[in-house]
Ligand SMILES: [Zn+2]
Ligand SMILES: [Zn+2]
Ligand SMILES: [Zn+2]
Ligand SMILES: [Zn+2]
């Protein structure tokens with residue numbers, strides 16, 4: 001993970017981060033109070049944004065997976081970058097292991113992880129965040 | 001569950017079923033080959049459609065949950081009806097227990113379950129399909 | 001669901017309930033504070049008991065599924081009855097939809113649901129709690 | 001990941017691997033045909049072994065999580081090492097992202113990953129396999 005500056009980023013990545021920040025408002029997280037927004041940039045430069053949706057019995061779906069299934073259900077399966085934005089001031093959210101596994105099904109992507117106001121951003125890749133991936137094929 | 005006829009249904013429900021049938025094309029189901037489409041009708045009459053998205057390690061997300069998180073991430077949390085359409089000729093798909101639990105977080109809905117070509121449709125409600133629901137609140 | 005009295009139950013079911021109550025102590029539930037114990041009675045009259053094990057990212061495993069995978073990993077796949085015991089005084093816990101789905105893979109069972117001190121017990125069956133089950137086969 | 005030789009391993013790790021290999025026989029995997037066994041060594045040198053238990057709707061539980069919930073439901077929460085043994089000749093199974101996340105709740109462990117007959121073994125650690133872990137605390 002390395003730190004990057006918002007202004008230095010490609011406009012498409014800036015937009016990706018802003019959409020992740022905005023969709024966070026729709027987070028349904030009455031159990032954890034932990035609001036997260038995420039967005040995914042497709043190979044053909046569309047952005048799909050999703051929030052976490054919790055469940056009383058903890059079969060919740062994280063923001064990253066929401067963004068992915070939104071994109072996939074619109075026919076997209078090739079992705080370039082993901083942004084994740086949390087809600088807590090002192091905290092850069094990284095995708096959980098379940099999301100890393102889920103995303104890995106669709107290939108490597110850059111992953112931008114930001115503090116709530118996008119004033120601290122770290123970047124890595126899925127292959128770095130999930131080494132030695134488990135795949136059937 | 002009772003059988004209903006497509007022509008007898010309200011136009012909004014016919015549209016709901018057609019969108020579930022159509023989105024099924026985007027199903028990502030290389031492991032089960034079991035394509036499913038689902039759609040949800042919001043209280044203010046918007047429709048969100050989703051497909052199942054599988055994962056090598058079986059942390060797959062069903063079509064119904066995809067439809068729900070799409071809607072929720074667009075700010076919708078009140079729903080009236082759900083449609084589920086499978087792919088196998090002789091088979092009316094009912095939502096799995098995980099999806100029933102997930103949907104129950106957002107209240108009761110009518111559930112329309114159809115064969116692939118919408119030529120056989122059954123209807124029930126979430127409260128009937130998930131009796132004695134587990135909730136914290 | 002009908003109410004039953006502890007004393008009126010078969011000794012094997014009394015034992016099943018007591019083991020579910022006892023294993024609840026091992027519940028790992030720092031996120032919900034909601035301790036649950038469950039146990040499953042195999043066809044050859046062994047009992048396997050499990051608790052819920054939570055996870056920061058809500059890929060938790062409920063007590064019922066813990067009990068089942070314990071039994072299955074010891075070579076058992078035929079079950080007669082399940083007991084579930086919660087922790088909150090005013091609350092009879094029913095299995096969540098995910099657990100109902102998971103258990104349904106192994107056939108119908110009686111399900112005993114009890115208040116924390118076993119002073120109120122309800123009984124039902126999996127087929128009643130998960131009507132119109134989804135199965136491939 | 002580095003390769004290690006069975007004979008060179010500590011007897012407790014040899015035993016751990018043998019138990020993971022043996023419990024694999026109880027795998028319930030009719031959907032993937034992908035049998036996996038796993039075992040976990042507790043701080044006080046007990047071994048708990050589990051297999052994968054699949055579900056028609058892909059809310060399956062992997063062998064690693066089965067081993068963990070078995071141990072936890074017996075009161076163990078401190079672990080030293082995990083072994084994972086698959087079934088396919090040409091394949092060293094690594095834990096999936098969901099299992100890595102689930103295990104991370106209980107701290108770092110050594111992870112031994114072996115081919116079916118234990119004739120090829122790789123070793124790593126959970127912290128290496130799940131960098132930048134997501135935790136609330
Ligand atoms: Zn996640
Ligand atoms: Zn489902
Ligand atoms: Zn459950
Ligand atoms: Zn796993």
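These residue numbers are counts, starting from 1, taken along the chain as shown.
The backbone N, Cα and C atoms fix where each Cβ goes, glycine too.
Copied from TrEMBL, the annotated features are:
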ACT_SITE  A:64  active site, proton donor
BINDING   A:62, A:96, A:99  Zn(2+) binding site
DOMAIN    A:11-137  domain 'CMP/dCMP-type deaminase'
Note = Expected list for recorded positions A:62, A:64, A:96, A:99 against chain B, Cβ threshold under 8 Å, sequence order, is none
Message = Suppose you look only at the domain 'CMP/dCMP-type deaminase' (A:11-137); what would the mean pLDDT be?
response = 93
Request  = Go through the recorded positions A:62, A:64, A:96 one by one and keep only those whose Cβ is less than 8 Å from a Cβ of chain D; report them in sequence order, or 'none'.
outcome  = A:96
Request  = Could you state the whole-number distance in Å separating the C-alpha atoms of residue A:64 (active site, proton donor) and residue A:96 (Zn(2+) binding site)?
outcome  = 9
Ask   = Taking the Cβ of residue A:62 (Zn(2+) binding site) as the centre, how many other Cβ atoms fall within a 10 Å radius?
value = 27
Inquiry  = To see if you understand the setup: which same-chain residues, six or more apart in sequence, place their Cβ under 8 Å from that of residue A:99 (Zn(2+) binding site)?
reply    = A:62, A:64, A:65
Task = Enter the number of other CB atoms within 10 angstroms of the CB of residue A:64 (active site, proton donor).
result = 28
Message = Taking 10 A as the limit, how many CB atoms besides its own sit near the CB of residue A:96 (Zn(2+) binding site)?
response = 28
